[in-house]
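TrEMBL annotations:
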type	residues	note
BINDING	Glu74, Asp117, Leu119, Asp120, Asp247	Mg(2+) binding site
Amino acid sequence: SMASPALLMRVVASAYSVAEKAATIVRNVMAAGDLGIVEKTGANDLQTKADRLVQMSICASLARKFPKVTIIGEEELSTDEVTEELIEDGHCEEILKKTCPAQYTGIKEEELVIWVDPLDGTKEYTEGLLDHVTVLIGIAYGGKAIAGVINQPYYNYEAGSDAVLGRTIWGVLGIGAFGFQLTEAPAGKHIIVTTRSHSSTLVNDCISALNPDSVIRVGGAGNKVIQLIEGKASAYVYASPGCKKWDTCAPEAILHAVGGKITDIHGNSFQYNKEVKHMNSAGVLATLRNYDYYASRIPNTVKQSLVP
């Protein structure tokens, strides 16, 4: 008889279905028209009803199946009774058919940390920039991001009423990443993707120093990494604190699964063990290819301003 799939593959397979459920919640909240917006620390730090419901759905669904896994979500929520309609019990069969990489076959539940951003790009969501929005579920082991799921609830939303809305991208180190067409940015072009709503002198000085051919300003860390893996941008540069572990964990796993690289502005890799501080205080530098080209051009003044 077939051995049952390794824990990691079961977690990723469940996270896939949980992310699809999350996307449905995100779309339903928007369609109902009352976003229930709350300002957390200010006008650029928002929380909506979708953030709250999605986080409850993801965390409760995964905790029910994998009770010893540590799950860390962006929103601080009271652990009120989660209604049964928020629970997703399904999994993606395709993922269970993949062979778990040997180095991950012995993982126990208590060794995994799941980082959840229920709605990455909340500000864009409230402004109707729906293609910026992602749901992020990142899976870490030994402090490293090893697997991730990114759902874009509104992928294709401008393609007409008969288009299939939404997609789910997933990846595991040692297997690869799926659900999109891997594309490299045009050779010799330096296209930088950066923040849309959290700009600063430092952010802009850093980008100018890289002498880019063009700069794309979009919301959401998940969305920015998608720009890299689909060849729309050659580097994601963010010389500022503000990005958190739940923003980078899932995108990092997917980017690394296809041979890309993400670090802070100093070139330090991110740590995802459960005790780690949540803020990526030294910014973000990510590429699908040619990481060293960009890393070598980050000005020292920028590095000195950002303490890891």
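The backbone N, Cα and C atoms fix where each Cβ goes, glycine too.
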Give me the sequence-ordered set of same-chain residues, not including Glu74, Asp117, Leu119, Asp120, Asp247, with a C-beta within 8 angstroms of the centroid of the Mg(2+) site's C-beta atoms.
Asp51, Val116, Pro118, Gly121, Thr122, Thr134, Val135, Leu136, Gly220, Ala221, Gly222, Lys244, Trp246
Which one of the binding-site residues (Glu74, Asp117, Asp120, Asp247) has its C-beta surrounded by the most other C-beta atoms within 10 angstroms?
Asp117
With every protein chain in view, how many other Cβ atoms are within 10 Å of the Cβ of Leu119 (Mg(2+) binding site)?
31
